[in-house]
């Protein structure tokens, strides 16, 4: 196109195409095809360069900025010649590669040519400034132009789509895609502008404009400002970003006339309404309103012009430099006017917008001592409610106390502040979203015209791909949409294109461009994909975001390549998973996704919206159906289940519809590119642009355009259109197949035959060939038209010449005749001829003229008649045509309706079949449930009988228990006396022990003589012990190996996961390595220096490897030493356990000699067994730790080896080696410095572990013991309280009824309605509680199952423990004779035994005290229950009396009351069960959670200990201690051991002293507690007396009320007289009432049971006040009130006195209890501290012994020569002989002591021993019987409760099923009626259609006849006209 042709574009020409001069200058620049290349660059992707040299596959080049680089030869890419600079279609480039495309776009962008063709689609780059390329002049210039005839432009794409629509008769679509901020919205507006302008140009003559509205073209254009105001906002990338997607369809008629338009929107980002990031802002409309351009808006909306006054819209920026909000407001308002919005509609939209701003300012606070929220001021709520047409109080109530549907009923729910804030935001978002959707619907209604439409062009503008720092659910939906659109583009461009080639039989090799995105799409939308899992989680009530994350990981992590675990970086938002999209990897945060997907609303407020006086708001929510709303009837299929549709499901549905629309059209793609992130005009960020080009498939699209055949035409169309190029190839009149004709035609043309291919139905052309054929056709047509024009001009010239010749001949003849006439005109005979000739013909002429006149008149009349007839027929024909069209439309509509009715009928029939199947199934289930219900009813009756029997047994047992308690107290006193005697015997034993020591020293010399003889025996014994120990070790190691194997398997699975992560990291490192290799090759001149450094690092690496190997060898040596130490430790521990067992036997004998009771012996055994169990647990834990340490050492060795391999692999990288080296050094220093801290932490953790285990066992046992009794008592007390409250409420209601019955029938009716409403509410509450009970039972069953599993595991452990105990006993008996005991250990064991005996005695006393206190508590509670039952009976009697009075007034009211009481009793029973179950469930949950927490804590501590052990092992290996140092440590430890033993003895002595103090304090505490309980019982009696007094006061008040009612008439007469007296009395009475109320509140604080009575009294006083205000003042009433006042004063004084006494006693008692409690607490803390110190000392002693033994074993291993072994063996033999002699002496001593003890026992217990034994046996028998009976009773009660719960559940389920069955039956009946109605409608429609069809045929027949008659008449008229013209011509000729 030359410059003259470009002049048509006006000022836009320089921005579309450069001038010829500039193009010539660019083409003549210097260029060397061999040297000018592109080379890769780190920053700029590619740079231009010139080749300097080529050597060995490498190229050295100099870049434009003078930098010299060396790259591989395959990385060099050639530049295109200068004639291709700034080429308009990049598919025409000679060298097509990434840098060529990049630089072409960059150079065109630098010249502000932002549009460029890229094969079949267009690429546009955002200029970030205004360019004059969109005015009307440019639109006109592009109209009707082919793509090749004009520069690239969005108008060209639009015009081509328009022309394709007209020529191909196919719908078109223009897909404008790109990232956010790339310019999609602007290009969409230009496309719409183009279509509106060309339609206006083509139809300017037929414009009709509705008054008050614009034309259709103006309306289409003005829809954009309205949509942008409410749907666009500022984001980080874009100042005017569309936060919704839209698909605009512009409909055209068959001739291309603009017919109508409609808009579909997708996924409005409604979260922006209430939240924005710092660099962003809310939607434009908020700031437009606040711009103060229209002040009346601010007044109407009650707002200011400061955005920071409103929280919702001021979280980010409030102004945008590139947007003038005031001007935009006027544009928006004007757009509403053009679109035909009424002023009411506009104001309603503004009001809702203002209300949303006020919504954000509403504040709420938490009520004191409650979790519920309440309004913190109502000003903003008042404004919002006013603007929305609501009641402010109702709005606040709905927000703070919404009504929630539970089952079939509604209950009021309290909300906390956070919940109210969330609900407020959700409502604001919902209002805005629905208002936006309404606006779009309203615009569509305006754009909808009645004009016929044939085709449409759709323009898609949807949110671009988004990658933010914080990506949430909205970003996933947007990115998923872009993924689908990109897949559509790829499928259309690459897959469908190549499939078309194969389908048409063209030789083609399928090219895989690697652009398939289906994997990512399937990951999101397929079943078990992200969307599916999200919707599934939304259906579960207890699902959270974390469960959603866990499911995602379980289903996709490691299974899908597109799903990854994100790498969280400090300072950035947390991410939970990553998806690999086509545009990059996006990290998503899933917090709040479930709420966003469910999108719940406060249905109470929504109900207010539906009743709003603001018409728009009520319309927005008119069709809203909540999650629990029933399906509306008669709405058809579309409405069913719509209320349960999630946001993701709705988005997928809309997206699928969009994709279906796009697939049905011919798409045109426009790719928008964002040039930089800073919005700078003219700046290209090369890496950013290249990333977009690669992702968008631009290069691949160009390649397939060049390689493939983008243009194709059907053979018939091609033959018809291009036959003109060579007509001889296809002879006229001869039949030739279209394909053969096309082949002949193309073969005859002078074109490249490789540029086209023949398919089965089409001929395919390479890019550009079809344009060439079009040019040839245009040239051919030009030549043909030129020839036709020449021939036509020749014919016309010849015709003109012939006319000239004829005119000349005529003139000659006329001249000759005139000359002849002039010669004879004066001749006389000629004159005579002239006179006679006319006379001869005049008569004949006159006759002919008369005849002609008559004929003319007749023909004229006939003509007029025919003309009139013709007009009539034409009018009739027009009307008939109109009727015909109307009938056709009616027939079409009827056919559509009939088809819809048939579809609905089919669907209803299917639904009916399904419902019938469901009904049948439900009927069967109902029958089964009824059978089960009958069985359960029978079981229930049986259980009730058993329950009554058990209750009687319980009563008997309680009596027996009371007797046993008395005997138990007597026995306890005897036990105390025996304990004192035991203390005296202990002193005697101590003296005997000292004597024993003296004897041992005397026999020491004799024992030395026997040493030689026992050497052999000791040697054999050691060998035997060693072998047996090996057997034990092997068995233990076998079990340990099993455990280790399980641990290793778990570790293996964990390591496999770590291995995957490590492999990924290795891949990343390999990628980094490749990049580093490339950089090394580029930087060749640095290679020598790096090689030298690398060699140094390799040497360092080899040194490190050597060190690692040495450390590993040292670790192996230490492991061997550790193993030897373990065996030695096991031997010593075995010997120690044997000695302990021997000590236990001796202590048992001593205890029996001392006269200990059997109960004490059992307790001692139990304590000893627990001690042994704890010791074994400790040993097992130690072994496990050691095994874990070995596994960790192995793992550490493997990790060290892996690190060595990594060092070998990565030793070429200097920086990483130095970093790792420094890290290793730091870790080594940290381990060295923290070793002592780790050892201390290990000891503390072990101590904490044991303490926590003890506490857990104690808490669990206490919880199990007290749970049953506490639950029963609590439930009984709650039941009595609720019954008392119910009776009080009934009393109040009946008093109110008595006072209201005198007011008449209307008041009574109102009361009846109130009772009905209350009954309904109670039924609703009952149903709600039933649902809650059912869910609680389910949770309880789950927890019970878990508890049973824990119990089974505990039982299994106990069985293992018993088995181990039996084995221990066997070993003990086996080695009893060989055991050698040391004197010092016997002394220590004796002390410990005495200590344990004392502990056991104290524990027995504590347990007995606890039992006595519990019994007292039980008796006290039973007394309270009996008193309460008495009160209940009295209340019931009073209620019965009032009921009798009530029945006298009305029988109907009594019936309603009875029903209400029945429902109330059921409610109370269900509430009781719910409370008991909830408390049980809560305790079980707490216990289970605590056990889980302890377990997790132990696991973590175990893991930490394992890591510490591995670190210590490494430290031991690295430290390399020598044997000499270990020997020193052993000696030091032995010294420390002696010190610790002495300290331990002192601690034990102090502990005994402190425990004695604790025992005495506990006894004092029990006495004080008993005294307090006695005083509390006395206070309870006083409270009961006060309660009875108040009841009497209430009765007297009731009588006075009756008297006042009777005296009402008398009071009216003396009203004026007593007015003054009344005022005085009212003041006194109010003062007395206040005093009474204060006294009652104080009494209420002391006793909760008095609360109900005080409430009754307050109610009575208030009722009295109300009667005084309403009833006239009378003298008699004054007297009555005075009497009441005196009574009230007496009551107040009495209550005040009782209150003061109770308060004084309570204060004294509280002080004593607090003092004792503080003392007890301090003693308990001291005891705990002593226990902790003792356990710490024990652990330290054990650790010291263990370390000592380890050191000894290592020393033995280090000194392995035979001489030392012999010496050691001899010493051991000597020691063994010595100990054997000591054993014999000790046995003799023990016998003597036994004899003495027997004598002492006979002396001390001769008198009362037998009686004591009998009593103790009797006590044990009674206790066993009591325990058995209690267990049986508990089991039976538990079974009975379980059965009752099951019966109630089944009953409730049966009722629910019956209700559901009835509902389903009703639904089936209604559906059947609907089906019948639809059938009738279908039949009627069919009959009507047949009738209309017959009418249509009849009218068609008449129309045809009329047309025939009109044709006949017209032919006659034509004949008459012709005849008349002939007659007229003849007449003229004759004249």
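Keep in mind that glycine also has a Cβ here, set from the backbone N, Cα and C atoms.
Region 'Actin-binding' is the annotation Swiss-Prot gives to one range among 609-631, 632-654, 655-677, and that range is 655-677. Swiss-Prot lists region 'Actin-binding' at one of the ranges 742-756, 757-771, 772-786, 787-801, namely 757-771. Ranked by how many other Cβ atoms sit within 10 Å of their Cβ, the recorded positions 129, 184 place 129 at the bottom. Apart from the site residues 178, 179, 180, 181, 182, 183, 184, 185, the chain places the Cβ of 126, 237, 238, 241, 464, 672, 674 no farther than 8 Å from the centroid of the site's Cβ atoms, the recorded ATP location. In terms of C-alpha distance, the listed modified residues 129, 378, 1137, 1282 place 129 closest to residue 181 (ATP binding site). Taking the C-alpha atom of residue 182 (ATP binding site) as reference, the shortest distance to any of the modified residues 129, 378, 1137, 1282 belongs to 129. According to DSSP, residue 1137 (phosphoserine) sits within a helical segment. Under a cutoff of 8 A between CB atoms, and with a sequence separation of 6+ in the same chain, the neighbours of residue 180 (ATP binding site) are 235, 237, 238, 241, 463, 464, 465, 466, 674. The two recorded residues, residue 184 (ATP binding site) and residue 378 (phosphothreonine), have Cα atoms 44 Å apart.
The predicted model assigns the region 'Actin-binding' (757-771) a mean pLDDT of 81. Per-class residue totals from DSSP over the region 'Actin-binding' (655-677), listed helix then strand then coil: 9 helix, 8 strand, 6 coil. Counting residues per DSSP class in helix, strand and coil order gives 3 helix, 6 strand, 6 coil for the region 'Actin-binding' (757-771).
Around the Cβ of residue 181 (ATP binding site), 24 further Cβ atoms fall within 10 Å across all displayed protein chains. Counting only same-chain residues six or more apart in sequence, the Cβ atoms lying under 8 angstroms from the Cβ of residue 178 (ATP binding site) belong to 184, 464, 671, 672, 673, 674, 692, 696. In the three-state DSSP scheme, residue 182 (ATP binding site) is classed as coil. For residue 129 (N6,N6,N6-trimethyllysine), the nearest of the binding-site residues by C-alpha distance turns out to be 183; the candidates were 179, 183, 185.
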